[in-house]
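Enquirer: Grabbed the feature section from TrEMBL, which reads as follows:
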DISULFID  46-49  disulfide bond
DISULFID  394-397  disulfide bond
DOMAIN    11-122  domain 'Thioredoxin'
DOMAIN    352-470  domain 'Thioredoxin'
């Protein structure tokens, strides 16, 4: 049909801009033309989509000729978006030969998208035929996982390749059917060799770890998880979430393995010398490029860009979100780091909490809570508390404020409160990803706050409180009836 022809011509024209524009008429035709494609489903009015757009475009330019990036405007092509279950914006999906292969859950920076999608090209696991191939593959900036098997029909090989398909977005996989390639590493039977990045080689741990247990997707995943990072990995914006599932100490400094590998390893070796004494106590360790985390260091730890000079910043962030900073200058003999760790394990360190000042007067009907006063107000064991987490720039929060102020209760065992979640640390147990987010912290269940998911009208709040409060609601100020 003429409409399809015109649509395809327009899409082909847009390909010169590196990002294909797909629609209801031409989606299937154009998507099947590419082996691997990353498609962004978006809405023009969406703020997150606008923020992603320049990063997505830059990634498309770098990936040109390797992976095709495309986009679908869901306000104009709702049929396609509905077909692929798109319910929020932006949604990113990886397509292979026109079929929805997997959700994209990688970084949303140009470099992050580039690195992530580069790993999506080619086979799940690369076939290595010679020792030279093996050395070429493992001599890489990132870690390498290489399976060595007795033949192409080995059941362990098929399981290995399936695992590679599931984990290829995080790690690099290759395999060989030449058992002799494992002999150099002390193995003469089927196994998996994990090569840590050559740039991170050190005298404190082995560069190669051998897996010889029964191979399943689950057992291989656990082996990689427990060994790939080693004693002190390089934390990046891309892998930080995987590292922060445990209590983590990080030394931030001018780390650059591309241009100054020796200098980058200087401070890392000093961290590792100390960590060997504490590695069995539940704390993990890492190093990171200070420049990649400047805003985080300032916002989450109160460290200015001029603090420390050339010396590393050292922080601890626990899996519960507790934060600590080493205030003493990092000494080259590692003694200051040892003192910091001794104080941490002895419980002598004061947690760093990002907080606005505690209000001198707080007599309004809606109590203002800051991080420093959160325990006192919200975790008061004798009072039920409805707490709103907001941002000053959020229009929905400003609209809610009018309703929230009407929620006047004469009940002295009930507190209506709000906290600026941009200027204050949000305590663990409260998942705040957008604004406004509202929780109810009832008496006797302060460690199990209830997220409010209802409508934001006065009658809806009152109905919720009547149902969830630890005692009968005394409503003396609201205008609406229950």
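Cβ from N, Cα, C; glycine included.
Bear in mind that TrEMBL entries carry predicted annotations, made automatically and left uncurated.
The model shown is predicted, which means the values in this text are computed figures rather than measured ones.
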Enquirer: Output the one of 46, 394, 397 that, of all these disulfide-bonded residues, has the highest number of other Cβ atoms within 10 Å of its Cβ.
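Expert: When each Cβ's neighbours within 10 Å are tallied, 397 tops the list.
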Enquirer: Rounded to a whole number, how many Å is the Cα of residue 394 (disulfide bond) away from the Cα of residue 46 (disulfide bond)?
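Expert: Here the two Cα atoms lie 14 Å apart.
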Enquirer: Rounded to a whole number, how many Å is the Cα of residue 397 (disulfide bond) away from the Cα of residue 49 (disulfide bond)?
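Expert: Roughly 21 Å, rounded to the nearest whole number.
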Enquirer: Within the domain 'Thioredoxin' (352-470) only, compute the mean pLDDT.
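Expert: Across the domain 'Thioredoxin' (352-470), the average pLDDT comes out at 90.
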Enquirer: Run through the Cβ atoms and count how many others sit within 10 Å of the one on residue 49 (disulfide bond).
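Expert: Cβ-Cβ neighbours of residue 49 (disulfide bond) within 10 Å number 20.
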Enquirer: Taking DSSP states H, G and I as helix and E and B as strand, how many residues of the domain 'Thioredoxin' (352-470) are helix, strand and coil?
Expert: 30 helix, 24 strand, 65 coil
